[in-house]
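Taking it in order: structure first as structure tokens, then the write-up.
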Amino acid sequence: MHRKHLQEIPDQSGNVTTSFTWGWDSSKTSELLSGMGVSALEKEEVDSENIPHGLLSNLGHPQSPPRKRVKGKGSDKDFVIIRRPKLSRENFPGVSWDSLPDELLLGIFSCLCLPELLRVSGVCKRWYRLSLDESLWQSLDLAGKNLHPDVTVRLLSRGVVAFRCPRSFMEQPLGESFSSFRVQHMDLSNSVINVSNLHKILSECSKLQNLSLEGLQLSDPIVKTLAQNENLVRLNLCGCSGFSESAVATLLSSCSRLDELNLSWCFDFTEKHVQAAVAHLPNTITQLNLSGYRKNLQKTDLCTIIKRCPNLIRLDLSDSIMLKNDCFPEFFQLNYLQHLSLSRCYDIIPDTLLELGEIPTLKTLQVFGIVPEGTLQLLREALPRLQINCAYFTTIARPTMDSKKNLEIWGIKCRLTLQKPSCL
């Protein structure tokens, strides 16, 4: 065998040009692959999942000539992005959330507690819009929480009607401006809240019917602001301080529909405060608590109370040491009196309490500290019709009774709460 010598490749700089033509006999493909120990791949069917509909139609008609790809002139405008077709909803059984009407979604959202409602509000824009619907925010319970005043304002702006927030902490300054609230029932008892913040919040409340500010530091502007709530029915200012007798007079003169009033134990009340209060009591009051004023409440004040509030059903004058048994005839003028509290009125002689048993409408009598334990049973036997010393605390104008587990506010159960067990 004679080998042919390789020809010298000419220099590129020369004028000689060389062209190579590659060819392959397709019949030898299987022989070559067999020698390599592999086999040829079978021709797969065309995967139409990622191919646009236009190309699919061309694949169905092989006789049609293929489209020539036009080479662009360097411009990006010649490129076209073809989107993958959406999957048919028929592949997914059930009803889509997007097809549910707003009313049905609101009904579902109404079964959620506050943490879950806040969570679903972040799903999409539609759910966020629905989560702000006023029907979901009728009642709110944030008792015992550390709240920023701005957060409280935003929540009230969502249309809250009943707001239960006792023993909470809102000491930070209130910054943003806000509009009027729809709240009608509010409990801020024993909270730590800045006087300025409290004034700003209450100044936007003009529809209050029930309000409890027990134990809070107030001011004359705050008390006068409350006077704009002409529909106020229950007011609890027990243990409050920081306002003058003129503010008390303005408040009671404006709230002409009051039914329950608790002005007990306002520790900076003077004799003038008590006189201003009793002189402006509306005649609609049926439950009144003016206990805790020791020497500042006189018999003359009791006479004024009886005259201005003839429809009293429940009266608490405990810890008024200036009251004696000579004031008993005044109680007989109250034709509807059922519950009377005279605890720790030490100048009342225990034996004279038998006279109160002659009040035909009277049902309960609280005389803690007056009757010794040894003679209490004798008094109960002498007055079998009355329940004596059956309640340690007053319920007048107070929003929540029984225990801290009670989430009601004047009989209204708050639906939105941070407690998980209320969720479905």
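Including glycine, each Cβ sits where the backbone N, Cα and C put it.
Swiss-Prot has this to say about the protein:
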DOMAIN    94-140  domain 'F-box'
MOD_RES   Ser64  phosphoserine
MOD_RES   Ser75  phosphoserine
MOD_RES   Ser179  phosphoserine
REGION    52-73  region 'Disordered'
REPEAT    151-176  repeat 'LRR 1'
REPEAT    177-204  repeat 'LRR 2'
REPEAT    210-234  repeat 'LRR 3'
REPEAT    235-257  repeat 'LRR 4'
REPEAT    258-284  repeat 'LRR 5'
REPEAT    286-308  repeat 'LRR 6'
REPEAT    309-330  repeat 'LRR 7'
REPEAT    334-356  repeat 'LRR 8'
REPEAT    359-378  repeat 'LRR 9'
REPEAT    380-401  repeat 'LRR 10'
MOTIF     67-73  motif 'Nuclear localization signal'
Under 8 Å by Cβ from Ser179 (phosphoserine), counting only residues of that chain that are 6 or more apart: Ser157, Glu204
For Ser179 (phosphoserine): DSSP state (helix, strand, coil): coil
Intrachain residues whose Cβ lies under 8 Å of the repeat 'LRR 3' (210-234), provided they are six or more past its termini: 166, 184-191, 193, 195, 198-199, 202-203, 240-244, 246-248, 250-251, 253-262, 397-399, 409-410
Positions whose Cβ lies under 8 angstroms from the repeat 'LRR 10' (380-401), at least six residues beyond its ends: 164, 166, 185, 187, 189, 210, 212, 214, 234-236, 238, 260-262, 264, 287-289, 291, 314, 316, 341, 353-354, 356-357, 362-368, 371, 407-410
